[in-house]
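Annotated in TrEMBL:
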type	residues	note
ACT_SITE	ARG169	active site
ACT_SITE	CYS218	active site, proton donor
ACT_SITE	GLU288	active site
DOMAIN	26-204	domain 'FAD-binding PCMH-type'
Amino acid sequence: MLISLPKVRGIYRYNVPMSKMTWLNVGGQADVLFKPRDIEDLVCFIKNTELPINVIGATSNIIVRDSGIRGITVKLGKEFAYIKCKGNNSIIAGGAALLSNLAYFAEKQQISGLEFLVGIPGTVGGGIEMNAGAYGSDIASVVQSIKAVNLEDGNLYEFSSKEMGYVYRGHNLKGQWIFVEAEFKGVSSEHEIILSRLKEVIDKKNKSQPVKGKTAGCMFKNPKDYQAWKLIDESGCRGLNNGGAKISKKHCNFLLNYNNATASDLENLGNKVRDAVKDKFNVELEWEIRVLGGGFYSRIS
Ligand SMILES: Cc1cc2nc3c(=O)[nH]c(=O)nc-3n(C[C@H](O)[C@H](O)[C@H](O)COP(=O)(O)OP(=O)(O)OC[C@H]3O[C@@H](n4cnc5c(N)ncnc54)[C@H](O)[C@@H]3O)c2cc1C
């Protein structure tokens, strides 16, 4: 297929195998991967294309389907990975900055409150989209404002945390967005205290989750009044396989590519688990992992 693309200052790559890029190591090709040089380049690109656009971050919460991703896949690169101090316990970070780097940067500035981010292997942009969280904190509790480019009109907007309408693992902003920058705020503290919290988070994670596996974090959101892992466990799904996909024995809300799984092995196994929980408890589990591909604008949210 011949695609006509606008002239940009960033980089286009064609037929990019997503299996080499995603945490789960699965997924067909992205037709075009676009890494914009800066916000203006991204704005100009969106204003000059009619092609469907998806966005990926560190891909730690995504299954890309075996059929790949049609149209354009935007990935913010190193130009968006900056983290800087704003003063008054505030930090500005680009959409591609890693959440773990943000946590370590905050420690250096003696700013506390962002320690929970150290165990989440995503980017600022992905974290904002997912309202990523752990151990009682989430992005909503530390983010002040967000700069975002709208995928329909290509304009740059700024939102307060309140305007985002944050909910558990999501938000209520209408439309399709690329989050390009955010301001975070913590409270003043001391190195020793923050370092010991960082260590506590890392230790807890290592003990309870298969953090070294090919995974995408929690498969399903916790339904109201339930813990997803308990429902999955009590439905007999701990350690269940499908092709090369497996439910982790260590944390049964984690899906693993343990033996050359395909994306459909993983997605089908997740659906089997969801059906088993529905049969046993009459509770509908909702995917936390996002599925990309298999058509235009196929985001599951
Ligand atoms: C080992 C492991 C542990 C994890 N632990 C946790 C945890 O404790 N808590 C938790 O909440 N999550 C956890 N996760 C899941 C994941 O790390 C988070 O959801 C993270 O926020 C995803 O960020 P990402 O950059 O990888 O986004 P991706 O996985 O690339 O994308 C996720 C979603 O965000 C969208 N997106 C990505 N970047 C942008 C952007 N710039 N603008 C707009 N939308 C964007 C994508 O379109 C997609 O819908 C874990 C994952 C793994 C592999």
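Note that Cβ sites are derived from N, Cα and C of the backbone, with glycine treated the same way.
Computed over the domain 'FAD-binding PCMH-type' (26-204), the whole-number mean pLDDT of the model equals 97. The secondary structure of ARG169 (active site), as reduced to three states from DSSP, is coil rather than helix or strand.
GLU288 (active site) is surrounded by 19 other CB atoms, counting those within 10 A of its CB over all protein chains shown.
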